[in-house]
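Record features (Swiss-Prot):
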{"type": "BINDING", "residues": "Glu263, Asp307", "note": "Mg(2+) 1 binding site"}
{"type": "BINDING", "residues": "Asp307, Asp309", "note": "Mg(2+) 2 binding site"}
{"type": "DOMAIN", "residues": "257-339", "note": "domain 'Toprim'"}
{"type": "ZN_FING", "residues": "40-64", "note": "zinc finger"}
Amino acid sequence: MPSLIPKEFINELIFKTNIIDIINTRLPLKKVGKNYNTHCPFHQEKTPSFTVNFEKQFYFCFGCNTHGNIIDFLMNYEQLTFVESIKELAKIHGLTIPCKNINKEKLFNYEKITNLYLLTKNIADLYHRNIFKTEYAYQYILNRGIDKSMIKYFNLGFSPKNWYDLEKKNKKQCYNQKELQEIGILKTTILGYTYDRFKNRIIFPIRNKNGNIVGFGGRTLNNHIPKYINSPETQIFHKGFQLYGLYEMLKTNPKPKQILIVEGYVDVIALVQFKINYTISTLGTIISNEQIKLLFRTSNTIIFCYDGDVSGQKAAWRTLNISLSHIHDGKNVKFIFLPNNEDPDSIIRKEGHDNFKIRIKKSIDFSKFLLQTLFKKTDLNSISEKSHTSTIAISLIRKIPGKITQTYLFQTLSKKIGILDYHVLINNNINNINTKIYTKKPIKKTTIRIVIALLIQNPWLALTLPSLKHLQNYKIIGLSCFLDLVEKCISMPNSNTGQILEKYRNKNIFKHLANLAKWDHMIHNEKIKDFFLDSLTKICDIILEDRQNKLISQERLNGLNKQEKYELWSINKELAKK
């Protein structure tokens, strides 16, 4: 039964724990006066600045300002959650954790999540068994160079073309359709029919850092678009918080000196197969703040691997922008850029383990990449150009929380632009600098803008839609434009963006559509269809809610006729499913 740990027990546990003894089993402490010192485990340093005070049962680092009690230390050093830290201390002292029962609502949520974890595990096992029963799927994996040990290690699976075929093969268990929809296995279309989201795909189970399977990735066996899909957001799966391969890495390499980040599931598996056992993936998306935090709690050095083309450089720049605010002293971000038309899977099979390790060794430090990128098109003989680029560089460097790292970067920048005293840059007060060098100020994201942008950039999406005539009478800003765009895309099959845009030339909407046509919405190609349909579903929900409110108001004022009552009942029933 889930429970709350009493505060009294936590206080007692801290009281009974000698912080010196616990830390000394992990770090060599040396007594200096009343305190104990060692090199800080959370940043690189030559002179020990990590101090532990016996009287205060507290640690503090003068270099990176990290501090806390023994629970904080275990959470940061061992990458444990708060509850896991309490359990670890209780285990050390041989104590049983007393529990306070929580309320019924929290109990229900706990049991619900526990059941979903169990369901995803069972489904993953079902998929895994099925891959060995489906010859063409099994051969596909082997032909990709992935051996049987990796299939088992990553628990790879296969979902057949029809979910019910899978159930027939495994007659022991019949699964509840509603629960399968909750974890994103089954999906219901706008027209109301249900199908297997991952049908005819290789399955990659996604685990959280505790080993629970929280979602799935799926790779098509043919050229079906999209090539890769992920589970949707659910109660247990939040894409921006998960990293593929993290759990598997921590099992064999709990304290990696560095972590290599690649884009694809197969890239992770290939590199691990070639003994690069510190490789994980961001599920095919741009890195999030939460993922960066998790990575830096696990290792001091993160290496991102990208294609060497323009899109790879742009992705690396976006990653750098997100990473800067997490680079404390002792932490580092590096980049590897592969040759064009190569990915980690293909190149390690061509070059082998040793040559790929050389690429890792030659990875570019974030500071070098930052300045190289900014000054790539800057004329260093032009004072105005140097000044403009420097203001952008200064504002970026100031995002870095590590003061020592920040100082070194200011020194490097000052030498590059010919300023002898780097303190001039540090003391220069620069505000409101636009640091985006690849993109202009982003367009404000609204659901209707997203679907219009996706459609204008991918006209084929219109062919995936059912009839939308029932939406024509509703008034939502941008809806009429979207419906007109759908009509034009359907009337021009196999058309491209330029062709569709041309239909709007000399119309008031043309400029807006042109902006959306080049809008970097940062949605990966394999996710576009699902994202588009999900966004359209949100719009339909907004329309239903708006109509519901109008009918309720009308009912209170003048009453409803039989047809309107039935409409309200239907809307209430539909929205109750959400």
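Think of each number as a place in line: the chain as shown, counted from 1.
Each residue, glycine too, has its Cβ placed from N, Cα and C.
Feature annotations (Swiss-Prot) mapped to structure.
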residue : record                : contacts (Cβ under 8 Å, 6+ apart)
Glu263  : Mg(2+) 1 binding site : Ser281, Thr282, Gly284, Cys305, Tyr306, Asp343
Asp307  : Mg(2+) 1 binding site : Phe337, Leu338, Asn340, Glu342, Asp343
Asp309  : Mg(2+) 2 binding site : Asn340
Remark   = Per DSSP (three-state), Glu263 (Mg(2+) 1 binding site) is coil
Task = Pull the DSSP breakdown for the zinc finger (40-64) and write it out as helix, strand, coil residue counts.
result = 0 helix, 8 strand, 17 coil
Note = Reduced DSSP state (H/G/I helix, E/B strand, rest coil) at Asp309 (Mg(2+) 2 binding site) is coil
Task = Take every residue in the zinc finger (40-64), average their pLDDT values, and give the whole-number result.
result = 83
Inquiry  = Just to be sure I understand, if DSSP states are collapsed into helix, strand and coil, how many residues of the domain 'Toprim' (257-339) fall in each?
reply    = 36 helix, 22 strand, 25 coil
